[in-house]
Amino acid sequence: MNTLFMHCRPGFEGEVCSEIADHAARLDVAGYAKARPDTACAEFICTEADGAERLMNGQRFDKLIFPRQWARGLFLELPETDRISVILAQLAAFPICGSLWLEVVDTNDGKELSNFCKKFEAPLRKALTQAGKLVDDPRKPRLLLTFKSGREVFLGLADADNSAMWPMGIPRLKFPREAPSRSTLKLEEAWHHFIPRDQWDERLSGDMTSVDLGAAPGGWTYQLVRRGMLVTAIDNGPMAESLMDTGLVQHLMADGFTYKPRQPVDWMVCDIVEKPARNAALLETWLGEGLCREAVVNLKLPMKQRYAEVRRLLDRIEEGFQARGVRVSIGCKQLYHDREEVTCHLRRLDVAKAARK
């Protein structure tokens with residue numbers, strides 16, 4: 001099981017290869033990354049038998065930027081009939097697993113396999129259980145089968161607490177009909193990814209204050225209002241009347257890059273389409289000057305060298321806070337609802353909750 005298989009957004013296979021190669025070098029795991037364009041997946045082939053396992057053990061999945069999901073394992077060719085017997089025979093060398101996910105890659109060809117997976121899962125689950133290879137235990141490894149076609153599957157393992165929280169890393173979020181734009185799902189997914197669910201009541205509470213830079217028409221403001229927060233929406237464009245009618249939103253027609261609140265707030269969010277370095281500077285200013293405690297900001301990506309640019313900006317942000325003597329946690333992820341962008345989450349670790357006026 002010397003292959004690490006990773007899902008990603010189509011078109012970002014090269015970024016996954018660059019990123020995982022960086023981490024492999026850091027962990028002294030020998031191997032090479034490979035991918036074909038627009039296949040929504042990439043592989044890292046380890047030269048040592050335990051390389052993929054060491055790579056996964058040495059790297060937290062939630063700290064990766066571009067991979068949506070990962071698993072270590074091997075590819076298996078399948079016959080037209082009796083696929084289950086072939087899979088069971090190969091799984092003899094695998095440990096007992098605590099859960100089972102059947103996955104496909106995020107391409108048109110992959111989506112066409114979804115119905116096959118739905119029909120195949122029940123008999124496979126039954127056979128695995130009867131063979132003693134599958135039990136209901138979240139502490140045991142997760143068995144991930146990624147079907148490239150009806151005749152080829154990647155048999156993979158991943159720890160349930162060190163892999164994606166959704167199959168293929170694709171969240172099942174429902175677009176709220178009352179939200180003014182689909183961008184609302186980006187902020188909701190960001191909260192799921194960066195904030196443990198059992199901390200939402202504390203860190204996304206209704207007694208908090210927030211600022212949404214570049215807010216109009218209010219897709220991200222909607223998420224803040226839904227949590228009961230007071231929101232200052234900064235944008236020269238119009239806000240959705242439904243949000244203004246809540247009484248929780250103050251709309252200021254101002255420049256999001258120059259506005260600063262009179263009093264510190266709990267949250268700042270920003271989805272302004274601008275050069276990534278300029279949006280990154282907002283994070284340094286707002287967190288560094290104590291204007292907010294937590295922030296979610298999207299960084300639009302260049303056409304080339306996208307991983308290198310993101311890495312450069314994150315390093316600059318981290319160095320800036322170190323120079324200020326400010327303690328922060330920094331997270332970055334290309335979310336499912338992101339396109340040519342990544343989402344950054346920063347949290348100050350040394351300031352108290354803002355007082356609501």
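Placement of Cβ uses the backbone N, Cα and C atoms for every residue, glycine included.
Model, not experiment: these values are computed from the prediction.
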Further S-adenosyl-L-methionine ligand in Swiss-Prot, beside Ser183, Ala216, Pro217, Gly218, Gly219, Asp255, Asp271, within candidate set Asp198, Asp201, Asp235, Asp245
Asp235
If the S-adenosyl-L-methionine binders are Ser183, Ala216, Pro217, Gly218, Gly219, Asp235, Asp255, Asp271 per the record, what's the largest distance between their Cα atoms, in Å?
20
At a 10 Å cut-off from the C-beta of Asp255 (S-adenosyl-L-methionine binding site), count the other C-beta atoms across all protein chains.
11
Residues near Asp271 (S-adenosyl-L-methionine binding site) in space but at least six apart in sequence (CB under 8 A):
Ser183, Lys186, Leu187, Gly214, Gly219, Trp220, Val297, Asn298
Identify, among the binding-site residues Pro217, Gly218, Gly219, the residue whose Cβ has the fewest other Cβ atoms within 10 Å in this structure.
Pro217
Cβ neighbour count (10 Å, all chains) around Asp235 (S-adenosyl-L-methionine binding site) is 22
What is the number of other Cβ atoms found within 10 Å of the Cβ of Lys300 (active site, proton acceptor)?
17
